[in-house]
Amino acid sequence: MAESKDRPAEAVGSVSGSRNALQPLPGEDDEEPFTTYFDSKIPIPDDETHSCFSFRKLWAFTGPGFLMSIAYLDPGNIESDLQSGAVAGFKLLWVLLLATVIGLLLQRLAARLGVVTGLHLAEVCHRQYRTVPRIILWLMVELAIIGSDMQEVIGSAIAINLLSVGKIPLWGGVLITIADTFVFLFLDKYGLRKLEAFFGFLITIMALTFGYEYVTVRPDQKQLLRGLFVPECRGCGTPQLEQAVGIVGAVIMPHNMYLHSALVKSRQVNRSNPREVRDANKYFFAESCIALFVSFIINVFVVSVFAEAFYGKTNADVGAVLGCYFGPAALYIWAIGILAAGQSSTMTGTYSGQFVMEGFLNLRWSRFARVLLTRSIAITPTLFVAIFQDVEHLTGMNDFLNVLMSLQLPFALIPVLTFTSLPSVMNDFANGLFWKIGGGAVILLVCSINMYFVVAYVMALNHVGLYVGAAILSVIYLAFVAYLTWLCLIALGASALSCGTTVSVTRSLLPQHSPQHGAK
């Protein structure tokens, strides 16, 4: 703070000039740059013959979006697809389409933040928020990662249990998943492109296996198209409404914002050149569109299979129906698809944990220590669940984890909208009026939908003590969300909300800039 007061002119110049406004404070550049996931960056080829759009450049930028899209294909989403098909048939496919489009728009904001600033979302939060809000924010995001990780590891364990015909118990599948995750995570030592190719291979396995189920079941194409493009749900009641809310919660994952903003740093982009930054934003968005289209098609495969073949049945019937009605091959192919979904999402979840922890806490640990810590945080609760629960009783746990992640959603969406709307952070690439209003409305809609899901879950508990505990936690939770929203609204231009404390608010968001510039 004191340094920014002593250098007001330099601080103002850093925003108006070409230099990035989020440069480290003096003394932070004295050490050798710390590498995490990126030991080397992928160069972007020059293609002067195609000035508007180059497929060579698109190929060079391809990778981060597909890793990001794996969060749309994790076991939690597969479970949501199953429930959607079983509860509402094809009627909620349009909700899946809408949720995917909203997710794409939010991922665009996260990617732009990483491209323009050269910092991922956790690093920006570390630099811009004060200590106490930053620590609370980190803890909330860690909870979301643990919840997602539990779903992913348990999903892989269930697949291993199916493939071994029940000989490997859930806890054994958990240990196998965690062990092979350690092995796969070090593939990037052989080149980042090889790691991205491996993730592409896992996505291909999901497309082929779930596509096989789709062809085998032969769902009604007319009903499928109607469900996709006609936004209605005739004859739907509370279960269908809650499932529609659950689809949004499963698709839009809080930790994915942190992941995507970090993955885009893997490409060589000269951030002092506006044209290169603009190109990077364009090609990353194009790649994200392609990646989420692929993930959407895979999700449609899954929902359609369940809508056609599993309508009115429970999770416990899935294996029996697949094996008895469509042959044992369908059962094992289904298990392979679930294994690919669980394994790939477990790996990207571990990367999210590393980025979040090293960003918020500014860690400078060895790579192995960071992987070991982030894995250990999730392994203990996951092992307990695997030891004391069987497959038939995991639906309740999955609902609880979905509620947990829904609660954490504002802690990713509000910061990403805040920072991408600040000219002092994004320079000429800050959100315009359309994105400020549209982004704010979308985030308000998504958070409101998820809060409905949380309230419905708590009301179904039917226990006075749990109601009281939930009420107390809700007051604390809403107070912190209100604090982040207050700072976000000021960043969006509602300076009247600063209530005469412009300097202190500016410092909480922009600690390295001068009060004069913040008030401006």
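The backbone N, Cα and C atoms fix where each Cβ goes, glycine too.
In TrEMBL, annotation is done automatically, which means it is predicted and not curated.
These features come from TrEMBL:
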{"type": "REGION", "residues": "1-31", "note": "region 'Disordered'"}
{"type": "TRANSMEM", "residues": "85-106", "note": "transmembrane segment"}
{"type": "TRANSMEM", "residues": "168-186", "note": "transmembrane segment"}
{"type": "TRANSMEM", "residues": "198-215", "note": "transmembrane segment"}
{"type": "TRANSMEM", "residues": "284-307", "note": "transmembrane segment"}
{"type": "TRANSMEM", "residues": "319-341", "note": "transmembrane segment"}
{"type": "TRANSMEM", "residues": "368-388", "note": "transmembrane segment"}
{"type": "TRANSMEM", "residues": "400-422", "note": "transmembrane segment"}
{"type": "TRANSMEM", "residues": "434-460", "note": "transmembrane segment"}
{"type": "TRANSMEM", "residues": "466-492", "note": "transmembrane segment"}
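Recorded stretches compared: 85-106, 168-186, 368-388, 400-422, 466-492; the one with the most Cβ pairs under 8 Å to the transmembrane segment (284-307) is 85-106. Listed as Cβ neighbours of the transmembrane segment (400-422) (distance under 8 Å, sequence separation of 6 or more from its ends, same chain) are residues 76, 80, 106, 109-110, 112-113, 117, 121, 124-125, 128-129, 137, 140-141, 143-144, 147-148, 150-151, 246, 249-250, 252-258, 261, 430-431, 435-436, 439-440, 443, 446-447, 450-451, 453-454, 457, 477, 481, 484-485, 487-488, 491-493, 509-510. Under 8 Å from some Cβ of the transmembrane segment (434-460) lie the Cβ atoms of residues 102, 105-106, 109, 242, 245-246, 248-249, 252, 399-400, 402-403, 406-407, 409-410, 413-414, 417, 420-421, 466-467, 470, 488, 492-493, all in the same chain and six or more residues away from its ends. Outside the transmembrane segment (466-492) by six or more residues, the chain places 133, 136-137, 407, 410-411, 414-415, 417-419, 421-422, 436, 440, 458, 498, 505, 508-509 with a CB less than 8 A from a CB of the stretch.
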